[in-house]
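Below is one structure, written out as structure tokens; comments come after it.
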Amino acid sequence: MGSFNTSFAGGFILVGFSDWPQLELFLFVFISIFYSLTLLGNTVIIILSRLDPRLHTPMYFFLSHLSFLDLCFTTSTVPQLLINLRGRDRTISYGGCAAQLYIFLALVSTECVLLGVMAFDRYAAVCRPLHYTTIVHPQLCHALAISSWVGGFINSLIQTGLMMAMPLCGHLLNHFFCEMPAFLKLACEDTGATEAKMFVARAIILVFPAALILGSYARIAQAVLKVKSMAGRRKAFGTCGSHLVVVSLFYGSGIYTYLQPTSSYSDSGGKFVALFYTILSPTLNPLIYSLRNKDVKRALWKVLARSKFRVEAGNNKLIYSSTQFIEHIQFLQGS
């Protein structure tokens, strides 16, 4: 294990990837690149969905929420991970750990529900196109988005409250952030009853949205198979397949982490699996869901062209003002 500062009381030490010191530089570069792409891609989606009127649709309304979620999601863990990878002080206070645990679980839970809502939106668009605007109306969109956020934070409050009420022994947390399975391993007493309650809360927030997603895409696949055009089928299946790959990465890693007993949880494997839903999924979401769409590309080029026009107009105005100034100086010298 790599060396780091252990002179810490009243909190926890995040072991992180110090078991593999030879990987820390590579992980630092890898995570920095993906974190930068996450910030850029999701910020672009949020800005475009606000600026372009053609993106004021239910799909992009939910996508802007997903992008904001991913920004908060990665920022709750990645900056601290980057600091820990290159520094010696890997400590976190008890209050900081509890806050990070609550925020992280809340955002994960919200994203689980939101992905289910987005699958329902795609089902309505593909399978009920004539009634889409009446089914997914603005009031319903706002209600579903608010329900996702409220449900996620309530679920996190229940799980965090149960976990923080347990007596803990030790301060060495074998993870790169305050993750629930690693946290449970510090419990001083039998956690069977508490884990059972937490398992129910986790299953509700993971299994039900996953079932909604699978059911929605199954109906979408049935509708696509009825399309006579082979090119249309290929395009639809390519889009749905991309969505399902990203969803599978997120839900697969989440189910592996949260729906297995603590006794069978692998600390080493859990760290690398956590990279999928903290690093890769938030980076892929804007690329798969939005940036490949023609509407988003058109909106992006429109915004870039408008910015270029403003810069050129500003430069022309500056040149014009400079010319006027020179002519005025020459006039004064001549007089």
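Positions of Cβ are set from backbone N, Cα and C atoms, glycine also.
Note that TrEMBL annotation is computational and uncurated.
Going by TrEMBL, these are the annotated features:
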type     : residues : note
DOMAIN   : 41-289   : domain 'G-protein coupled receptors family 1 profile'
TRANSMEM : 25-48    : transmembrane segment
TRANSMEM : 60-81    : transmembrane segment
TRANSMEM : 101-120  : transmembrane segment
TRANSMEM : 140-158  : transmembrane segment
TRANSMEM : 199-220  : transmembrane segment
TRANSMEM : 241-259  : transmembrane segment
TRANSMEM : 271-291  : transmembrane segment
Long-range environment of the transmembrane segment (60-81) - Cβ separation under 8 angstroms, sequence gap at least 6: 14, 16, 31, 35, 38-39, 41-43, 45-46, 49-50, 92, 100, 103-104, 107-108, 110-111, 114-115, 117-118, 121, 141, 144-145, 148, 176-177, 278-279, 281-282, 285-286, 289-290, 295
Intrachain residues whose Cβ lies under 8 Å of the transmembrane segment (271-291), provided they are six or more past its termini: 16-17, 31, 34-35, 37-38, 41-42, 44-45, 60, 63, 66-67, 70-71, 73-74, 77-78, 108, 175-177, 179, 242-243, 245-246, 249-250, 252-254, 256-257, 297, 300
For the transmembrane segment (199-220), distant same-chain residues with Cβ under 8 A (at least six beyond the ends): 109, 112-113, 115-116, 119-120, 122-123, 126-127, 151-152, 155, 158-159, 236, 240, 243-244, 247, 251, 254-255, 258-259
Remote residues contacting the transmembrane segment (101-120) - C-beta distance under 8 A, at least 6 residues beyond either end: 59, 62-63, 65-66, 69-70, 72-73, 76-77, 144-145, 147-149, 151-153, 155-157, 159-160, 163-164, 177-180, 183, 205-206, 208-210, 212-213, 216-217, 247, 250-251, 254, 277
For the transmembrane segment (25-48), sequence-distant contacts whose Cβ falls under 8 Å of one of its Cβ atoms, 6 or more beyond its ends: 17, 55, 63-64, 67-68, 70-71, 74, 78, 81-82, 85-86, 275, 279-280, 282-283, 285-287, 290-291, 296, 299-300, 303
Segment-level pLDDT (mean, integer) for the domain 'G-protein coupled receptors family 1 profile' (41-289): 86
